[in-house]
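Copied over from TrEMBL, here are the features:
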type     : residues                                                   : note
BINDING  : 133, 134, 135, 265, 266, 267, 268, 269, 270, 561, 562, 563 : peptide binding site
BINDING  : 294, 298, 317                                              : Zn(2+) binding site
ACT_SITE : 295                                                        : active site, proton acceptor
ACT_SITE : 382                                                        : active site, proton donor
DOMAIN   : 462-596                                                    : domain 'Peptidase M1 leukotriene A4 hydrolase/aminopeptidase C-terminal'
């Protein structure tokens, strides 16, 4: 077995959080959470008398340990890690003992984990809205904690909110009661009995309604889109059952879906018991089953088995994409899985091009020392990770054989965290009769080398060929051939194929006359599917169709999903960005500004 480099893991931890008990008062006037958290901490060394927690932009009022006042200080502020909260215990503890550390504090209005929306930024326009996004290291802006994926804990929470609003968290709902200290407010309770890392703590508060979509699932959103969402996610239970047949039992009890307002920066976030999704997935044709399949898959890879540090993020995402595509294979066809593999490879090429082929952030296992994880975020861990797993599947004997390994890996590392080294060692153990083949893999090329992978997997191109053929017809068409196109051309394509057809056209500059004809025949301006619309509008803008520019900017500003916002702004747009910056999620705004080379 070839050597891989030793990872710069933190020194041996001195203590580990086992449980946290949260009490929040949500203040929409001041845009802060007034909080109290009690952390149950297990001591891992003798003569233990102080501990350090992560915190960022928090106001700390008071700290106690087992009920006794404890001294505390905030250390020097780091540019993105925040300020360490250093706590001195009024006593000494030995290895194996537990201490309950209680902290009274308040978040900052600029806490990066929290986005406060005004009523006008919501669908209903009447009430304010709050949602959180902690991955990767933003939890420390809403709770002082050990903000690392290597520490896992359960949690309990109570949240006081104005009584016309509903609070939800990444946990099981545990009832509600009037707030005894304020009759205009109500307290919601939550419990999460499965240990999980801090980045999966999540909260949402808004005028939310829900519909049942399965025996263990509800969909939540503002009432304006709850029925549409219930239709869109009606296959959730089938997907959960399919995932269980592949990966083992679903341990989180409830699987609910929350459809957020348009400014949510990601496609989805796998918060346990409550997946967050962007409203851009409400396409009216169930085409974005992929987003839900992806977030469901995280219930095993990511949430149950977690990357120990963010350098090993591919273990979360590569395996999740692999399971998501196995779900597509089971529910649709192997051809669809192959087609998705081709699409993923293309997106990887785009991503590598964007970062630069020599950029170490395109390594499967990058060195993130002093790198802000938000700035390192890309498709690389997803698609390079998937490509490696698919390559290994081909070498080890096909999808059934390799999924057997993935399931076994999940069972072995469940409830814990894992590094690439441990994953690889287990791969060699599980396939002990095929070690000679595994030794021939260019591990260094896959893991620690920037750019595209050393091997391109062979995919079945049946579904892709239909897209290429139609694309080529348009590219080669002369003015007099334009009459030969009909609506039937696109009716033959399924949703993922239509997206791919658009993606291919984006790479071939079309004359404006062709683009106008395409609109006339295919009526693409009225397509709701965000993935199709996003590519179509970019095609129009690239062909200099004046009428498309306002539509593109409208899409870039009406929703805040980075995948769409960043390229649309890039195509047009510095002036508009400056006007709309305030409505975007801070992470999206930071990355768009970077793309457009605008300083804060």
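Glycine too: its Cβ is placed from the backbone N, Cα and C atoms.
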Q: Among the recorded positions 294, 295, 317, 382, report those whose Cα falls within 10 Å of that of residue 268 (peptide binding site); none is a fine answer.
A: 294, 295
Q: Please report how many Å separate the Cα atom of residue 294 (Zn(2+) binding site) from that of residue 270 (peptide binding site), as a whole number.
A: 8
Q) Just counting, how many other CB atoms are there within 10 A of the CB of residue 382 (active site, proton donor)? A) 23
Q: Using Cβ-Cβ distances, find the residues under 8 Å from the residue listed as 'active site, proton acceptor' that belong to the same chain and are at least 6 apart in sequence, listing them in sequence order.
A: 268, 269, 270, 275, 277
Q.
Same chain, not part of 294, 298, 317: whose C-beta falls within 8 angstroms of the C-beta centre of the Zn(2+) site? Give them in sequence order.
A. 270, 295, 297, 301, 302, 316, 320, 321, 324, 382
Q. Could you state the CA-to-CA distance between residue 317 (Zn(2+) binding site) and the residue listed as 'active site, proton donor' to the nearest Å?
A. 5
(Q) Cα-Cα, whole number of Å: the residue listed as 'active site, proton donor' versus residue 298 (Zn(2+) binding site)? (A) 12
**Q.** C-alpha spacing of residue 298 (Zn(2+) binding site) relative to residue 133 (peptide binding site), in angstrom
**A.** 16
Q. Between residue 298 (Zn(2+) binding site) and residue 135 (peptide binding site), how far is it from one CA atom to the other, in Å?
A. 13
Q: Enumerate same-chain residues with a sequence separation of six or more from residue 135 (peptide binding site) and a Cβ-Cβ distance below 8 A; give 'none' if the list is empty.
A: 199, 200, 269
